[in-house]
Amino acid sequence: MPCARGSWLAKLSIVAQLINFGAFCHGRQTQPWPVRFPDPRQEHFIKSLPEYHIVSPVQVDAGGHVLSYGLHHPVTSSRKKRAAGGSGDQLYYRISHEEKDLFFNLTVNWEFLSNGYVVEKRYGNLSHVKMVASSGQPCHLRGTVLQQGTTVGIGTAALSACQGLTGFFHLPHGDFFIEPVKKHPLTEEGSYPHVVYRRQSIRAPETKEPICGLKDSLDNSVKQELQREKWERKTLRSRSLSRRSISKERWVETLVVADTKTVEYHGSENVESYILTIMNMVTGLFHSPSIGNLVHIVVVRLILLEEEEQGLKIVHHAEKTLSSFCKWQKSINPKSDLNPVHHDVAVLITRKDICAGVNRPCETLGLSQLSGMCQPHRSCNINEDSGLPLAFTIAHELGHSFGIQHDGKENDCEPVGRHPYIMSQQIQYDPTPLTWSKCSKEYITRFLDRGRGFCLDDIPSKKGLKSNVIAPGVIYDVHHQCQLQYGPNATFCQEVENVCQTLWCSVKGFCRSKLDAAADGTRCGEKKWCMAGKCITVGKKPESIPGGWGRWSPWSHCSRTCGAGAQSAERLCNNPEPKFGGKYCTGERKRYRLCNVHPCRSDTPTFRQMQCSEFDTVPYKNQFYRWFPVFNAAHPCELYCRPIDEQFSERMLEAVIDGTPCFEGGNSRNVCINGICKRVGCDYEIDSNATEDRCGVCLGDGSACQTVKKLFRQKEGSGYVDIGLIPKGARDIRVMEIKAAGNFLAIRSEDPEKYYLNGGFIIQWNGNYKLAGTVFQYDRKGDLEKLIAPGPTNESVWLQLLFQVTNPGIKYEYTVRKDGLDNDVEKLLYFWQFGRWTECSVTCGTGIRRQAAHCVKKGHGIVKTTFCNPETQPSVRQKKCHEKDCPPRWWAGEWEACSTTCGPYGEKKRTVLCIQTMGSDEQALPATDCQHLLKPKALVSCNRDILCPSDWTVGNWSECSVSCGGGVRIRSVTCAKNLNEPCDKTRKPNSRALCGLQQCPFSRRVLKPNKDIAPSGKNQSTAEHDPFKPIPAPTSRPTPLSTPTVPESMSTSTPTINSLGSTIASQEDANGMGWQNNSTQAEEGSHFPTSSGSTSQVPVTSWSLSIQPDDENVSSSAIGPTSEGDFWATTTSDSGLSSSDAMTWQVTPFYSTMTTDPEVEIHSGSGEDSDQPLNKDKSNSVIWNKIGVPEHDAPMETDAELPLGPPPTSYMGEEPSWPPFSTKMEGSLPAWSFKNETPRDDGMIAEKSRKIPLPLAGDHHPATSEKLENHDKLALPNTTNPTQGFGPVLTEEDASNLIAEGFLLNASDYKHLMKDHSPAYWIVGNWSKCSTTCGLGAYWRSVECSSGVDADCTTIQRPDPAKKCHLRPCAGWRVGNWSKCSRNCSGGFKIREVQCMDSLDHHRSLRPFHCQFLAGAPPPLSMSCNLEPCGEWQVEPWSQCSRSCGGGVQERGVSCPGGLCDWTKRPATTVPCNRHLCCHWATGNWELCNTSCGGGSQKRTIHCIPSENSTTEDQDQCLCDHQVKPPEFQTCNQQACRKSADLTCLKDRLSISFCQTLKSMRKCSVPSVRAQCCLSCPQAPSIHTQRQRKQQLLQNHDML
């Protein structure tokens, strides 16, 4: 018997959470005024509540105006109101609750109660019953709750207004009960106080054992099925069950019984309202379209057990309770279905903690009989009251009554993912409505199609079943829906739009979604709500939409290639689908037809043989067998097979394949369809009554038949002699001898050597012999023989006579058709013939006409195509046709491929044109010609519901490791795995990037102008020394500057000063990856050493000069050209010249080291425009950029950084004087770049910047410049110390040329750069590594003042010497305990839970990829165990049965000698026995003795009856073979008869036969007859003899 687990109902769906009953504790006691509770019980209950409110409800009109303090519904005649349509059923109430006015818009609820609905209160037995017909009172109301100023309901209510307002209402923040203060007098205003209290939890959760004695296995379902079929054969002999797949309305008349604990718990006053509310929810569940049938749950009777009922035992044991309840409810159910309180199913609601199988608490909540509907003794279930989930328990158990099994048990409807079903064993939290699975739909449909719901066809006395639907989103707002999905801390994501299509919830700061739409009724705007995925204006409640049938599907493939297969077509109730309580479709949902009816070849196996052979490759009990079919007459549509050379059979399939013949052999055409044997007529129509006449003409009248009769007269013969030929197609064959003789009939084929009967002088037994396509019945009684066969024969056969004696003559006859010798009519009568041409396929333009071939019967016309051979069917003919020209229309081309294969941005396009058909061509027209038509969409979204595969996820950049001088910053780059696929390593973003490239401040930096600098790029030969020309490497020689060119890796764009830093930062943040477009991009894992590791060649270093003038004294006329081309003058060698040296100078702005602006990264050759905010520092500065240039062609990738020193002081001359700029620069100053690119052997480029603070005007100190002896070469710098080293310097000649080109104003005005003055500043070291490899750690660095005294740097904010770091969580594997081994021997397995956890926070779980970096493989999830081979169980003989009848037990000892036996295969130690009832022989009274004297006999009745009280059904099953049957006859009146004084009668005067005839006609009373037949008609006994017989009877009676 199926049962429901407690966890199945632990989670609720919003579809039916309209009403809840129970209680919920929280809050404080608040009441507006002191109130006294006259009723002690109510006072005790209310005072125990943690919070309650006193309110005074008033009845108002639709506008909120007070009508009356009286709350009772004014309507008194329920029948009148129902007939009137309920125009006055609308009621409005108002209460003030929690400082808010709540308005109740309620309607009288007539929907699920019959007109004859009765409430019974029983007090122990039938003699103490109070019955109340409650359906006439319009007390029960249902509707919505509104707040003041709103038009959309915020909740629902189910109230009773019979005596005040009693019931329940639901608000978004909680559930509340309301009831009047009992026995309280009216207030001064005439109002009546009510108490409102919050729903409390009924009891604390209990830990229950996960044991549920569920018995919905295959064996149990087969057993229940057999019992059901046996009951139907015995009980429903006269009823013809409808077995068509037609959807009809069904009404389940329901009895609900509440036990004493339920009544006590809810109270006699509230229990009815509670139960009716629950049943209302059950009705809604069965109105779900997913059930595929139109089923109404109608309550006809409610029984409230005020005291323990006699004959009904409700205990903890579920099966015992169910057995007792089923027997009790049958006894109180009126047998007549016309009785208004007759019920089809009974539902028990109990507060007992029931458990299936064991007498202790467990998680069982319900129990039912499988497939028990419409069986009076089995249509019942019990349910444990658990509050609101009770509705789901009852619906679940009623499903079992309809034959629905648990999802996932013996079917493939195991709940997948998050979505559960009503018949699931367990249900999780889910905001979507609970539905019935496709398996549940198939189970109940099959149950009803088999006619097993015959008792549900009668319509109860009702006035309509329209459902009052409330959209669930009206009750549960988006926050509540999120809490149902993700727990109590979840909220709605306000940032996400279009909530009607997808509900997004905020969980721990992240927006998450299950990609489900918000529930219907959810608010989506001002006076708008969601309905069917769209945001529409709020109006009235949505009208119910009744379902409509969709189009029939195409016919399926034929199940057979020959021999009459089956095809099916079905339609769905989706045009439209029933919504908002609309009725499900009624009518035929699936139809079948036969196909390929031509016979199969005789040498092919039967269809059942083919199905059995499918199991030849399937092991059965660890062995393989060859199976062949076994026919079961009781179940012709189930597949039973038996192995060859074995003596057992097994049911392989519950239903054979459609089209399998119900009966093999014979003339029956009946086939199995959907497991049911269907009648098939000779026209091969299902459920057809068409029959053949005598000669096999379907629906013929016999006019085409002729009967051939012949007589074989040959008297003598030897051996086998031919009698005559029975032709092919002969029917009604009869052969018989005229008189008995010793001869034998025989049958042979046209082959003289092939005999079918009595051949080879061997005489066969009487019986049926299958030959020539029919069955011949051979019958021999004595020496008289005959043969009978119905035909038709599929070949001609010869009748023969084996002579033994003289032949008295043999008659034989058969019936054939008149129209030819060949009786194979199908080949002669049916043929293909083309029909008419169809209409043109189009109404305009060029179309096609078609001509199809139809199967035609000779002389009758078109018939079904199954009568003709499909292999010879001609192809359809077609020809073109042209109608008038078509008007303009929109044409849509094929959709292009989606722009993305996954993710939320996919779109696909197509071409949409306005065209017109011109003959056979299409002409494009302007779109205005089609503007009157709806234009198809040219752009739609696609693939947005598909998750993208794995991709890289980057974290935030860390702080730079240094504040200046060049450092590194890092970020995490992880693979966010989707679908367990790896990420593309070629697209992995960088995890490291350069930063802090601005030069650290230093002192003693002087410059000397050089007049020989040629900005034009030409090499100017001069006798003066040029200290700015670098000394090339010994292996290279100087090369004249060439025409200015810009390499591809370098950008010619000039960034503005005030946007440099912001551009870099924004681009990196937007892309999630820095340096991505940089030609010097660093690959992951690159290192940045402080010096080059190359020793083969010293790289040539070039320095670039950056000058920042006073931003407040910049003359626009002195700046020169403002275009990018003018600001950049770059000279470089072609990349293909490996030995050339190119010098590039760069003039860039400089910023004070004391600025608070963010750090700026300058990327050499970046290709990205970068902006940096302009610093307001008054000082002018020069920045030296040291640029390493590759020597050969090599990838522009950076894996090493070279620290750069300042320009060498030894080559600096006097400090020039810079005139102040007279005009403030509006905007930003571009950078001047002269870059020297020199090849390097390491193939990489490194760039560093050093900043030189410029002294203020007036502080200039002249100095002499030193000349170089060598005008062509300079010593290469060999150190990176800021205070020493070598490098190029700016000479006076260089400065003069810069002035000439507009770069500098006057060479004499920059001598102030030579001032040896620099303020103190902080010197910071490089950041250390993180102090920890995981978890929270710290970076450290040294911070000291450049002067050596920290006090000198107090005016400058000291950089942080330390900062936090968190590389990754400290992850580790946490393993659970191993489970018990699945087998105790022969190899099992055990499993455990393995989780990636935070090793510091043991309660925090991490994603598995955090643990993939741990050493070693992850801990295994499973391992093998108990590998020892299993031993054999040793069993002892069975003991004697413990009882001789009434169900006993046999026991035996079972042991395992070695202790290693498979416990799953342990033989049973007990077995039931002697289940038959305990019965005995009961004897009746002896009848009168048949004679008065001389020895007569008398009899009595003897019956085998049960020894205990039982029903008539039990009496039919009684067997008394264990007792000796008492005698049924005994002798009597043994005394001799006293002779009469009359003359002795020796014999009858008339003949004995005639006297016996008269006696049988009861004529012995006639004196003349008695005189003539004195012996046959003896004289009547005398008075004395009669008295003696009476005394004898009295004595016999006393003996009994």
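Placed from the backbone N, Cα and C atoms, the Cβ positions cover glycine too.
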Annotated residue, N-linked glycosylation site, per Swiss-Prot; candidates Asn105, Asn489: Asn105
The annotated motif 'Cysteine switch' range in Swiss-Prot, which must be one of 210-217, 674-681, 1538-1545: 210-217
Cys511: disulphide-bonded cysteine as recorded in Swiss-Prot, out of Cys493, Cys500, Cys505, Cys524: Cys493
Among His396, His400, His406, which are binding-site residues, the residue with the most C-beta atoms within 10 angstroms of its C-beta: His396
Among Cys374, Cys380, Cys482, Cys530, the one of these disulfide-bonded residues whose Cβ has the fewest neighbouring Cβ atoms within 10 Å: Cys374
Shortest C-alpha distance to Cys530 (disulfide bond) - which of the recorded positions Cys355, His400, Cys595: His400
Which listed residue (Cys439, Cys585) has most other Cβ within 10 Å, given these are disulfide-bonded residues: Cys585
Site of maximum Cβ density within 10 Å, from disulfide-bonded residues Cys355, Cys493, Cys500, Cys524, Cys562: Cys355
Spatial separation of His396 (Zn(2+) binding site) from Cys511 (disulfide bond) - C-alpha basis, Å: 35
Whole-number Å value for how far Cys439 (disulfide bond) lies from Cys573 (disulfide bond) (Cα to Cα): 17
For Cys600 (disulfide bond): intrachain residues, at least 6 apart, with Cβ closer than 8 Å: Thr561, Cys562, Gly563
DSSP helix/strand/coil residue counts for the domain 'TSP type-1 3' (891-947): 4 helix, 20 strand, 33 coil
Integer Å distance between the CA atoms belonging to His396 (Zn(2+) binding site) and Cys413 (disulfide bond): 15
Cα within 10 Å of Cys380 (disulfide bond) - qualifying recorded positions among His396, Glu397, His406: Glu397
Pairwise Cα distance for His406 (Zn(2+) binding site)/Cys439 (disulfide bond) [Å, integer]: 9
Disulfide-bonded residues compared (Cys413, Cys511) - highest count of Cβ atoms within 10 Å: Cys413
